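Over in TrEMBL, the protein carries these features:
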type: BINDING; residues: 72-77, 123-126, 165-174, D200; note: FMN binding site
type: BINDING; residues: R289, T575, S646, R647, K657, I658, Y659, V660, Q661; note: NADP(+) binding site
type: BINDING; residues: R456, Y457, Y458, S459, T474, A475, V476, Y480, W733; note: FAD binding site
type: DOMAIN; residues: 66-216; note: domain 'Flavodoxin-like'
type: DOMAIN; residues: 269-526; note: domain 'FAD-binding FR-type'
Amino acid sequence: MAISSSSDAAILGLGVVLAALYLFKDQIFAAAKPKSVAVPSASKGANGHGNPRDFVAKMKEGKKRLVIFYGSQTGTAEEYAIRIAKEAKSKFGLTSLVCDPEEYDFENLDQVPEDCAVIFVMATYGEGEPTDNSVTLMENLKDKSFEFSNGEHKLEGLKYVVFGLGNRTYEHYNAIARIVDQELTEMGAVRIGERGEGDDDRSMEEDYLAWKDAMWDALAKDMNVEEGQGGDTPDFVVTVLDEHPEEKVYLGELSARALTKTKGIHDAKNPYPAPIAVARELFEKGADRNCVHIELNIEGSGITYQHGDHVGVWPSNPLTEVDRLLCALGLFDKKDAVIGIESLDPALAKVPFPVPTTYATVLRHYIDISALAGRQILGVLSKFAPSPAAEAFLKNLNTNKEEYAKVVADGCLKLGEVLQLAAGNDLKATPTTANTTPWSIPFDIVISNIPRLQPRYYSISSSPKLHPGSIHVTAVVLRYQSVHNPHVPERWIYGIGSNFLMNVKLAHNSEDEPLISEPSGLGEPGVITPNYSIEGPRGAHKEGKTYKVPVHVRRSTFRLPTNPKTPVIMVGPGTGVAPFRGFVQERVALARRSIDKNGPDALADWGRISLFYGCRKSTEDFLYQDEWPQYESELKGKFKIHCAFSREPPYKPDGGKIYVQDLIWEDRKNIADMILTGKGYVYVCGDAKAMSKQVEETLCRILGEAKGGTAEVEGAAEVKLLKERSRLMLDVWS
C-alpha cells in the first residue's frame, strides 16, 4: 500500500522508534537503573536488629547476660524481677535486661546465647491464670505447634531460673511458675537451681530470701562467675534543683495530664479524681468496726464499667509516717526542696514516679512507706546507722530470721518505725526532729529499695444499668492488733486504703468523730490514728466542699450469664457481698425493661437467683439490709437472700455458729437442681483462707450426693467441670 500522506509517515516512524525502544530497553536504560540492594528477610532466623520486640538483639547490643521476664498483675512480680537484676549486678557484675513479656516476641527464645540465662518471675492470678501481660508468653510455651526459629518446639540447652509468686490459700498455688518450669523442661531447657515459690499468705519476702542464696550459688557455677565481681553502685542520682518552675514540679500528681490539667483517657497511668457524691457508714452505731459506702461520680470522665469490675483507689501515705521517715532520714527541714532523679541504668531501674518532685511528695504519694519493712533492706541500711548499737540492731534483724519475725513482722513495723526503734526513739510519740535520731541514708537507696505505692482494689458494688454515672465502693475499715514483743507492745495497725477512704468519708460529712469506738483496754494515750493529705496535690482533690478520690477501673471476667433464664448462686459473706449488689442491680434493671416491654409476667421463665450472705449480727453489720427486700419485690420472687448471723441465734445443735456454707447445705436440693438441671452458675466472693474452701467442699458434698456418689470423687469432678466451663467463678482474697 502506498503512503498516502506525511502524517501517515510520521505515525509509521513513531511506531518503528517505539518498537526499537522495547526491543533494546535493557541496554538503553541499564545505566539509569539503580543497583539492587539485598533486603533482609523477616525470617525467624534473622537477628531482628532494630526490631523493638527482639529481646535477643537487645541482649547482644547491651552485652546483657541475663534477661528477666516478669508476669505481674499488681506490680509485685516486676519489683522482684528488678531486685534479682540488681542483685546479679552487685554480686557478680552481671547486667540484665528486665522485660515485660507483653512487649516482646518469643520465636527466637532458642537464640539466647549459651553463656546467658533467662529468668522468669511469674505471678499466678485468679484461679490459676496467667497475669494479663504474660498470656501470650504462656500460650507460646504451652502450644506444641508453636515453632521457635529452629523450626521446632524445642529449647535444648537453654539455661533458665524460675521464681513464682502465689498464695497458698488458693487452689492453684503458683500454677503459672510450675507450668513454665514443666514446659521448659519438656522442651530440653535446663533449670538453674531449684524453682522458687513465694507465698503471699505467709511471707513472700521470707520465701524469696530462703530461695535466692542457693539459686545464686548455682547460677554462679553455671555462668562461670564469682561473687565480688560487681560493685555497690547506686541506681539513681538525686539532685537538688535550686531553680525550677513551680508549676512543673510534681506534688503528687500521678501523670503529666494531671499536672497540666489536660484531658485524656483515665486509666492506671492517669487516674481520675472522682468527686464523692455520697459517703456513709454501713455498720450500726456502737459496732466495734467501720464499713464505708462511697459513691464516686464519674459523669463526664469517659470512664465506663461493668458489674463485677474492680475500682482501683490511689491512697496516699499517712501524714505521721511521712513525717516519721523524713525525720529519720534527716530531711524534715528540706522536705519541700525540689529534686531531680536520674536513672544510671534505665534498662535496669527506671525512675518509678514522675519528676521533678520533692522529698515529702515522694514519701507521701509515690512509694509505699506504710508497708512492712523488708528484712533485706535492713542489711543495706545498717551501714548508715547513727551509732554502733543501731547498726548492730539492724544487722541482727537482717541476719536473724526468727528475731525479724518476732520484732518486725509480729510488730507490723514500717521502715521509719524500725529506724526509730534501732536508734532508741519512742515510737508512741508524734515524730519530730527533736525526738527522732537522723540517719545518713542516701535518698537514692530509699527509692531503690521501697516499692511504688500501688492502688488498692475493691469490687464495685453497683451496676451501670442502675447507676451509669457513679461507681459504688463498699469497704470494711481495716484495723487490727499487732503481736506483743519485748521491743514493741501490742498496738493498733491500720490498713492504708480503707482508712484513707474513712478519712475522706469523715471529711465529706464534716465529721470529727473517732475512726471507730475504742474497745476497752486497748486504747492507749498517745496512740496515733492515721490522717491523710486527702485534699491532694495543690488542693486538686477538693473543690468547694466536695472531696475527690483518684481512681481507675480494672476489668474483670466476674460476670453474670447473659441469659436471665440461667439460675445464679452467689455466696458473699461480709463485704464479699459487694459485687453481688451490682449483680442483683443488673438483673433489676433488666427486669424493669422486660416488664415494661412484655408485661407483668415477663420474668416467669427466669432462673432463680440465690444469694447466701453472712455477717455477725442482723442488728450490727448486715450490709444493705434495707435494699434486699426491694430487690426481691422487683424481681417477682426470682431473687432470694439467705442470711447467716454467726453471733446470734439460732445456733447449731452443738452450739456452733452458722455460716454461709451451712445454709448452702440446708438448701442442697435446690442447689443441686440449679446446677445440674438448670445449668446454673456459682459465684463466690470474700475470704480465700477459710470461707471459699469450705463453700467448695460443701458443693462437692451436694453434687456428689446428687450424682449418687461421694464428695471426693463425683462431687470433686463436678466442681472441677464447673470451673473449667467458667460456671464456678471466684473473686477471693486473703
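Every residue gets a Cβ built from N, Cα and C, even glycine.
Whatever TrEMBL says is automated annotation, not expert-curated.
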Looking at the binding-site residues S72, G75, Y173, R289, S646, whose Cα is closest in space to that of V476 (FAD binding site)? R289
Looking at the binding-site residues G75, G126, N167, R456, T474, whose Cα is closest in space to that of R289 (NADP(+) binding site)? T474
Close in space but at least six residues away in sequence, with Cβ under 8 Å from that of Y170 (FMN binding site), the same-chain residues are T124, E127, G128, A688, V732
Please identify, from the binding-site residues N167, T474, S646, Q661, the residue with the sparsest Cβ neighbourhood, meaning fewest other Cβ atoms within 10 angstroms. S646
Tell me which of the binding-site residues R289, R456, K657 sits in the most Cβ-dense spot, judged by other Cβ atoms within 10 Å. R456
For R456 (FAD binding site), which of the binding-site residues G75, N167, Y173, K657, Y659 has the nearest Cα in space? G75
Within 10 Å of G75 (FMN binding site) (Cα to Cα), which of the binding-site residues Y458, T474, S646, K657, Y659, W733 do you find? none
W733 (FAD binding site): which of the binding-site residues A123, N167, Y659, Q661 have a C-alpha within 10 angstroms of it? N167
Fewest C-beta neighbours within 10 angstroms among the binding-site residues A123, V476 belongs to V476
Measuring Cα to Cα, how many Å separate Y458 (FAD binding site) from G126 (FMN binding site)? 15
Quick note, Y659 (NADP(+) binding site) and T474 (FAD binding site): C-alpha atoms separated, nearest Å, by 21
What span in Å does the FAD site cover, taken as the longest CA to CA distance among R456, Y457, Y458, S459, T474, A475, V476, Y480, W733? 22
Residues R289, T575, S646, R647, K657, I658, Y659, V660, Q661 [recorded NADP(+) binders]: greatest CA to CA distance in Å: 24
